[in-house]
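Heads up: the structure comes next, in structure tokens.
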Amino acid sequence: MKIASRAVMWVFLLLVAFLTLFPVLITILGSFKTNAELTAGATVMPTIWQFSNYAEAWKQANFSTYTVNSLFVAVTSTIGILFVSSMAAYVVNRMEFPGKKAYVGMQAFTMFVAIGAVVLRPQFELMIKLHLHNTLWGVVLILISAHASAFFILQSFMTGIPKELDEAARIDGCSRGRTFWTIVLPLLTPGLGVCALFAFRGAWNEYLLPFVFTLSKPELQTLTVGLANLKYGVSAASQTHYMMAGACLSILPILVVYLFANKSFMKMTAGSLKG
């Protein structure tokens, strides 16, 4: 019975792995095909490996400029999300104030209810009033304000930090701000690592906001918008093979960040456990 249940579990895991990795494999193989071969769909493996697809995708999608724009949006918004969410989680977890339950409920509402496109026009009008429309700073500001999951993750981590540490720091003369920055925040490093990964990935893959905010300034477009423009060339002919090659190239930065962050996250977790 034990062997049978384990076999069923392995079959299920292999099926999930196959369903997850198969589209990635098809995209990688499709990036080396001609558009005609890709459209025909007769073979899985490319007949002739078209490495030139990557060079053409890099050229047409203006990868160097768009990658810098995407990195700016992803890095800046990630830092902002960690900064705002960690302080908000500290205040909610450690203090009592009027409207606390309403604030937490509002955060939960924005996280569980998909309202992205619904509030797009009010967000754009707000950025116009702040003179941040047609800028990447407007995209960054909206991404920072719409990341409630980081707040709940950090609040959950903060629950495991004893409040006695705060009280001891206050007895030693530390203000609330100094207590947060010097005592609580270093203990939140595992949670900050988790939030950073989610925030960076979300900002890197964001399409709608950069598309709307850079309509009149193509030089500010991010990589996701540039990839969408690869779908059709100047002649309006389908360029799916270039789009797949561009998608494979766009994965590389986020993959490097994930591998680096994963190693750093393991070190942070080990350090917090040792402490």
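Cβ coordinates are placed from backbone N, Cα and C, and glycine is handled just like the others.
Since this is a predicted model, take the numbers as computed values, not measurements.
What TrEMBL lists as transmembrane segment is 7-29, 71-92, 104-124, 136-158, 179-200, 242-261. Annotated domain 'ABC transmembrane type-1' per TrEMBL: 67-261, in sequence order.
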Contact call for the transmembrane segment (179-200) against the transmembrane segment (71-92), three or more Cβ pairs under 8 Å
yes
Under a Cβ pair cut-off of under 8 Å, which of the recorded stretches 71-92, 136-158, 242-261 contacts the transmembrane segment (7-29) most often?
242-261
Sequence-remote contacts (6 or more beyond its ends) of the transmembrane segment (136-158), Cβ cut-off under 8 Å?
69, 72-73, 76-77, 80-82, 84-86, 88-90, 92-94, 107-108, 110-111, 116, 123, 127, 130, 184, 188, 190-192, 194-195, 198-199, 202-203, 206, 209-210, 213-214, 220, 222
With Cβ-Cβ distances below 8 Å as the criterion, list the same-chain residues six or more beyond the ends of the transmembrane segment (71-92) that contact it, or say none.
100, 103-104, 136, 139-141, 143-144, 147, 150-155, 157-158, 180, 184-185, 188, 192, 195-196, 199-200, 203-204, 206, 210, 222, 253
Same-chain residues at least 6 beyond the ends of the transmembrane segment (242-261) whose Cβ lies under 8 Å from its Cβ atoms
27-28, 30-32, 35, 38, 53-54, 56-58, 60-61, 63, 67, 70-71, 193, 196-197, 200-201, 204, 223-224, 226-227, 230-231, 233
